[in-house]
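These come from Swiss-Prot:
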- Asp34, Ser35, Glu36, Tyr37, Asp38, Ser83, Leu84, Glu113, Arg136, Glu170, Lys286, Lys310: NAD(+) binding site (BINDING)
- Lys115: active site, N6-AMP-lysine intermediate (ACT_SITE)
- Cys404, Cys407, Cys422, Cys427: Zn(2+) binding site (BINDING)
- 590-671: domain 'BRCT' (DOMAIN)
Amino acid sequence: MDKHQAEKRLKELRLLLEDYGYHYYVLDTPKVPDSEYDRLMNELLQLEADYPDLVTEDSPSVRIGGPPAPSFKKVAHRVPMMSLSNAFNEEDLRAFDRRVRQAVGEHVSYVCELKFDGLAVSLTYENGKLVRGATRGDGTIGEDITNNLRTVPAIPLRLKQPYSIEVRGEAYMPKASFERLNEAKEQAGEEKFANPRNAAAGSLRQLDPKIAAKRNLSLFAYSIGEVEGKNVQTHFDSLMFLKELGFKVNEEAAECETIEDVIAYTEKWSERRHELPYEIDGVVVKVNSLADHEKLGFTAKSPRWATAFKFPAEEVLTVLRDIELNVGRTGVVTPTALLDPVLVAGTTVRRASLHNEDLIREKDVKLGDTVIVKKAGDIIPEVVGVLTDKRTGEEVDFHMPTECPECHSVLERLEGEVALRCLNPKCPAQIREGLIHFVSRNAMNIDGLGEKVISQLFLHQLIADVADLYLLEREELLQLERMGEKSVDNLLAAIEASKENSLERLLFGLGIRFVGAKAAKTLAYEFETMERLQEATFEQLLAVNEIGEKMADSIVSYFQKPEVATLLEKLANAGVNMTYTGPKKAAIAEEAGVFAGKTVVLTGKLSQWTRKEAQEKIEALGGTVTGSVSKKTDLVVAGEDAGSKQKKAESIGIEIWTEEQFTQAVEQSEQ
């Protein structure tokens, strides 16, 4: 066979194998016996080995996995992968329905989908070809796991139509595959996976794609992040469109005309969840109309047009052996039950929350009791009851201490609170927990500074507050356990990079009581510098939208502390950014002009700008960039092949600019 014949045969084999794979893995209707599929795959592999220059990125052979990667790159999601609000009972669902109808009117229909217990991923296609696959990460930044996702047979390497589209889905491991994997691990003397979700996530985060390829993973596609050239009206239509493109879409998704239909759907699958060949932990309820999605919008964390109904958590019995006390970064002392290990909802549980002293007293919890453990929301185990009839008389009463278990300061209960607090600002536990919060993903996001490293730094007295992180030296870090030269260099680089973080990240990282990520962003925008915020009065803070009396009082009290002034001075001297770097109100009013207060949509291919660069320019000049066109859109910037967004803008009379007009406007604004 010459090269020309080989090229022709390879095309035939790829088409055949793609079609057979689609029918087997997506439609569950095999066209040929496994032996025939294997024969064709072996022929493909042999031809590609003979003619390596004819191997393509979308060949079915990539399902087998390529060479290991040195690490996973961080990638930004163009459209954030937000989490969903939760509903735990019928009343929560009815409250969600009321909020939706109040916002968009009485005529609302929903789509119910099973909530798969796996790993959320984003798949990006350009002209129908898979170019990137990423984990959800924190919703804004994920990890590039493209090579591993290529090994999942249910993920099309090339779509049935050449769309440029971002698709969201859930990668999961079927129950049967999970059981086979754990049997193999047990025989090999290796630690077994706790549940299919952990197995799926662990498989896709292997640096060697060949490992992921052997794990028999699958994927259900459930939404579209972005698409060019296609306009669908409802969420259910988008699911059907994904099916047309070749994705595996769950057959149990259903349109529900009323909230009563939604409740019936959740009850049905709550009872029948164990009949499925894969794990689910609830039902996702979405408003069907995409126009209503636009009207409802988003909170800081989640869309208002969707909610996740969580199934009632499993409850099991075990013995409470001891109660451990933990001091958090705000000084709250939390009791935690230490239990005989027990399997709850697929996870081995050894510890469970007891919340506070009042709950211990109310439930009459004693050491040695047989207790009921429940996984609230299938995430956090908690003790919900005691079986007093199982007592033997050997159980021991538990009393909360009067002193902090870490620094031995007297514990106090503040007015209106049930929690006991340590009010000593120099309490080692509070400082340690504050450091962990400061470096966390939503705060300063310093890679390589986990709890174990921070505990070592604290133990060796290398740090006493968050500012000391910026004074760490290479030789000091090399003395720590499991800190080699590469790890130390990476850590120091991450610490250095964090100096350029936004003011809102720093504010959130400081751990001011009642100031969450959203409030930190508001404060940074309103006051623009740390110095102005330090000087802000209670009245000035209260005048800011979303800042209530409790938060205003907490902020004023925080900045009045002498140790806080010292800390901020140390941070500033270390070079940590103390200034708001986003679009400033004064700049928007005086300079931005053209984008001030405007909602802008970018569509099509831009030749002079990347999409990210254009978005940053618009935001720096006072505008807001969104991903879809609606009546709230003020301006559409259309590049080449703009597609449906430009047509929609034209149909509703929204101003449209060419890339040249956009570039001129930016240049004039910057003169």
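Keep in mind that glycine also has a Cβ here, set from the backbone N, Cα and C atoms.
Fair warning: this is a prediction, and the values are worked out from it, not measured in the lab.
Positions of the features from Swiss-Prot, shown on the structure.
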residue : record                                  : CB count, 10 Å
Glu36   : NAD(+) binding site                     : 13
Asp38   : NAD(+) binding site                     : 11
Leu84   : NAD(+) binding site                     : 17
Lys115  : active site, N6-AMP-lysine intermediate : 23
Arg136  : NAD(+) binding site                     : 20
Lys286  : NAD(+) binding site                     : 24
Cys404  : Zn(2+) binding site                     : 23
Cys407  : Zn(2+) binding site                     : 15
Cys422  : Zn(2+) binding site                     : 24
Cys427  : Zn(2+) binding site                     : 21
Check: same-chain CB within 8 A of Zn(2+) site center, minus Cys404, Cys407, Cys422, Cys427: Val327, Gly331, Pro405, Glu406, His408, Ser409, Leu411, Leu423, Asn424, Pro428, Ala429, Gln430
Cα-to-Cα gap, Cys404 (Zn(2+) binding site) vs Leu84 (NAD(+) binding site), nearest whole Å: 37
Pairwise Cα distance for Cys422 (Zn(2+) binding site)/Leu84 (NAD(+) binding site) [Å, integer]: 34
Those recorded positions of Lys115, Cys407, Cys427 having Cα within 10 angstroms of Lys286 (NAD(+) binding site): none
Counts of helix, strand and coil residues, the domain 'BRCT' (590-671), according to DSSP: 32 helix, 18 strand, 32 coil
For the domain 'BRCT' (590-671), the mean pLDDT of the predicted model: 80
Nearest of the recorded positions (Lys115, Cys407, Cys427) to Asp38 (NAD(+) binding site) - Cα to Cα: Lys115
DSSP three-state assignment for Glu36 (NAD(+) binding site): helix
Minimum Cα separation from Cys427 (Zn(2+) binding site), reported as the residue among recorded positions Glu36, Lys115, Arg136 that achieves it: Arg136
By Cα-Cα distance, the member of binding-site residues Glu36, Leu84, Arg136, Cys407 nearest the residue listed as 'active site, N6-AMP-lysine intermediate': Leu84
The residue listed as 'active site, N6-AMP-lysine intermediate': secondary structure state under DSSP, collapsed to three categories: strand
Nearest-integer angstrom distance between the alpha carbons (Cα) of Glu36 (NAD(+) binding site) and Cys407 (Zn(2+) binding site): 70
Whole-number Å value for how far Arg136 (NAD(+) binding site) lies from Cys407 (Zn(2+) binding site) (Cα to Cα): 39
